[in-house]
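Have a look at the structure below before the remarks.
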Amino acid sequence: MTTFLSLTTAAAVLTLARGSNALVRPGNVGKLPALGWNSWNAFGCDIDAAKIMTAANEVVNLGLKDLGYEYINIDDCWSVKSGRDASTQRMVPDPEKFPDGISGLADQIHDLGLKVGIYSSAGLTTCAGYPASLGYEDIDAQTFAEWGIDYLKYDNCGVPSNWTDAYTYCVPDPGSKSTNGTCPDNKNPAPAGYDWRTSLTAERYRRMRDALVSVDRTILYSLCNWGQADVNDWGNETGNSWRTTGDITPSWPRIAAIANENSFLMNYVDFWGYPDPDMLEVGNGNLTLAENRAHFALWAAMKSPLIIGTALDSISQDHLAILSNKILLKFHQDPVVGRPAHPYKWGYNPDWTFDPAHPAEYWSGASSVLGGTLVLMLNSEDTKQRRTAVWKEIPELKDVLGRQGKRRTGFRVTDVWTGKDLGCVRDHYSVELESHDVAALVVGRAC
């Protein structure tokens, strides 16, 4: 029998269930993975109110709001760098970057029917050296609530020595080729059975959770501690999503390495809790169109938060089409099925191989809204390759095939990228893929 511990305030309920710990918020905030935009990948520290409002307006004008994208998130470098207000101890928005303050900007974003996010860190300074929130959790949570903030990205920089963990957790990032990943150079591992919930890292993040729960506004809580301190074990009871790796970059080797690492964490994904492989790089750098497609499809299939990180006023139609794929977004936002797609076959490698250059290539996931099963086939290699989805290998299709017997071995198939009905496909579907491209299918009713 599942037991629950509830901490109730006017703003939120913290529900802890054995075996399925989750931070449950009012209004279903955080039940589904977040959709939005963030300033960092596009602009870094070079931000101001005009750039944030441009992004907000483009989310509306480009039709992204209608597809569910709702958060407009201000990342690092938004405050006065020299320190807090001496009398109130509050962080102060940079008046040159944000002449109407964060609250004035938030009002404008809310007027568009969107939500607004902000950034801080569980340390003394942010990653760019601005004031952060360790020791000021209650003041900052109250300030964010008063400003109308709806989302907090909480980083892991500026941690003082007295808040450093006693042990070092193994995050094989980028890792080396080995089964499940190892950290052979870790000189300070925790003893067997160590509970990372007791770590100082977990405590730093709990303090902000408790502060956010206590304010009279529901603020989605996005942990960004890079997979440290076994956050997969306690992240769901602390926040709505939690970063699993270091930062992403707009390069295929980095995207592949993160996809590989995150692919081993799919059992942690369900309603109210999402391992986060970092923000999207679609539209950035020198990624090929195929790599942009594969990046987005994998992130959507894993039900990761989909936070756009490119300048929307200059986005190409090809990149916009990827971010706007209705089939992948429907799978991602399924109101009935919380579980993600899972790898069912590694393809290039033997199953369960940890290989940053070649993540799992064959994925499938159930859906209540697509009329079938989502299936992905990735070409992780550097040359054109053929990939084949065999129906009897796909977990969601095995029972159907068993009931049909030998009389019917086909399924109606739809191409996710084109929306084209591919007809009744018997036994398997085979396709030639460019380097680092992905085929995405909805495998529907038997035929």
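A Cβ is built for glycine as well, from the same backbone N, Cα and C atoms used for every other residue.
Source: prediction; values computed, not measured.
As recorded in Swiss-Prot:
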| type | residues | note |
| --- | --- | --- |
| ACT_SITE | Asp155 | active site, nucleophile |
| ACT_SITE | Asp247 | active site, proton donor |
| BINDING | Asn225, Trp226, Gly227, Gln228, Ala229 | substrate binding site |
| DISULFID | Cys45-Cys77 | disulfide bond |
| DISULFID | Cys127-Cys157 | disulfide bond |
| CARBOHYD | Asn162 | N-linked glycosylation site |
| CARBOHYD | Asn180 | N-linked glycosylation site |
| CARBOHYD | Asn236 | N-linked glycosylation site |
| CARBOHYD | Asn286 | N-linked glycosylation site |
| SIGNAL | 1-22 | signal peptide |
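Mapped onto this structure are the features recorded in Swiss-Prot.
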| residue | record | DSSP class |
| --- | --- | --- |
| Cys77 | disulfide bond | coil |
| Cys127 | disulfide bond | coil |
| Cys157 | disulfide bond | coil |
| Asn225 | substrate binding site | coil |
| Asn236 | N-linked glycosylation site | helix |
| Asp247 | active site, proton donor | coil |
Quiz item: To test your reading of the substrate site: which residues beyond Asn225, Trp226, Gly227, Gln228, Ala229, same chain only, put their Cβ within 8 Å of the Cβ centroid of those residues?
Solution: Asn156, Tyr169, Val171, Thr201, Val231, Arg243
Quiz item: When you measure from the Cβ of Asp155 (active site, nucleophile), which residues in the chain that are at least 6 apart have a Cβ under 8 Å away?
Solution: Asp76, Tyr119, Ser120, Ser121, Ala122, Gly123, Thr126, Cys127, Ala132, Cys224, Asn225
Practice problem: Using DSSP reduced to three states, classify Cys45 (disulfide bond) as helix, strand or coil. | Solution: coil
Quiz prompt | Count of other CB atoms lying within 10 Å of the CB belonging to Asn286 (N-linked glycosylation site) | solution = 8
Quiz item: How would DSSP class Asn286 (N-linked glycosylation site) in three states?
Solution: coil
Practice problem: Fill in the CA-CA distance, Ala229 (substrate binding site) to Cys157 (disulfide bond), as an integer in Å. | Solution: 14
Exercise. Report, in whole Å, the straight Cα-to-Cα distance of the residue listed as 'active site, proton donor' from Asn286 (N-linked glycosylation site).
Key: 17
Quiz item: Least buried of the recorded positions Cys45, Cys77, Cys127, Cys157, Ala229, going by other Cβ atoms within 10 Å?
Solution: Cys45
Quiz prompt | Subset of recorded positions (Asn162, Trp226, Gln228, Asn236) lying within 10 A of Asp247 (active site, proton donor), CA to CA, in sequence order | solution = Trp226
Exercise. In whole Å, note down how far the CA of Asn236 (N-linked glycosylation site) lies from the CA of Cys45 (disulfide bond).
Key: 29
Practice problem: By CA-CA distance, flag whichever of Cys77, Trp226, Gln228, Asn236 among the recorded positions is nearest to Asn162 (N-linked glycosylation site). | Solution: Gln228
